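Notes to accompany the following structure.
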Amino acid sequence: MGERHPLLLDAVLAAATAVVSLALARQHPPGEWRLMDGLGVALTCLASLTLVARRRAPMAVLLGYGALWCAYVTAGYWPVVNSAGALLTLYTVASLRPPRVTLAAALLTAAIWVYAGLVGHSDAFLTILGQSIVWTGVVSWFGSRARLLAERGRRLERLTMLLRRDREERARRAVVNERVRIARELHDVVAHHMSVVSVQAGLARYVLYSDPRTSHAALDTVLDSSGEALGEMRRLLTVLRVDPEESEGDDPHGSAVGLDHLDDLVNRVRRAGVPVDVVVVGAPRHLPSGLDLCAYRVIQEGLTNVLKHAGRASVTVTLRYEVDRFVAQVVDDGGKTTSIVPEAADGQGLVGMRERAGLYGGSVVAGPCPAGGFEVVLILPVPQ
């Protein structure tokens, strides 16, 4: 459809040119020019028909139209009838071809113009020459300007495409790097669970006959820890389904953290000059290690964005423990400046938070608050 549109437009333009030329030919020509008859109509329509291919073969159309125009004038018809089409073919060449081709086309059109004028007015050479130079020069200039503007538009389009690809590549690489970072942290979580399993299994074996109750408790711990470890291993395998060559950089943060370390994080932010309040809704309870780490990292990222972009804002961190889910909310009041969306700032913060939450079936919503400021909301399902 995109290729048929220009052809359809040129067909309409050719038909319009033929109609206008024939309407002009119906007027009584000045001087002793031949009245329009069947031959003149045929030459005019045939010349206009060549305009259908003006975009695909502009120089060939100019030559064909020029030849038919010469035949039309040689037969004694008024040359003005088909002059508009000749200028249109010149404009097309100038708008689609380089300057050297445009110059040759302009000289050829001017020569045909002079020939057409001299056929009936051999005593007005200078006037006809001046007209040919002015008309072909003006049309060539407008066509060349159109070509330059079109080339500039194509360059801008290519640059936009390259920038879009670069942005997509950076976003993809940010996801890959965040996955590798999460994988490292999950590795430590799994290692912790397996250490617990090993210790508790050894304890159960040691007191199996002397203290059955302790042995059973140890086996229960082994069961719980191994179940959590299996879940983390599944997530770890999901995260590791990336090309290892695409990952780069080291994890700048340690992995043995969780909501138990939230107070330390909040105190560091306070020392940086940002007031932080922590609100707990519901009865706090132990979260699985992976969820605990995910919640901590998202809160950490939210507070980091406040430090970067919200100036002297005050922040409220809300931890909401519900029956089947955990919700963490980081809200700043915007301070004296307008908060900036993390994605717009570095392109990685929001990507990383969503990647973490999605790994556990959760979600992250981030955006400006109606009253000003910015909020990040993490929702994680908690297994029963």
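Cβ coordinates come from backbone N, Cα and C, glycine included.
Per TrEMBL, transmembrane segment is recorded for 35-53, 60-80, 100-118, 125-143. Residues or ranges marked as domain 'Histidine kinase/HSP90-like ATPase' by TrEMBL: 296-383.
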So what pLDDT does the domain 'Histidine kinase/HSP90-like ATPase' (296-383) average out to?
-> 80
Same-chain residues at least 6 beyond the ends of the transmembrane segment (35-53) with CB under 8 Å of its CB atoms are 7, 10-11, 13-15, 17-18, 21-22, 25-26, 28-29, 60-61, 64-65, 68-69, 71-72, 75, 77, 81-82, 85, 88-89
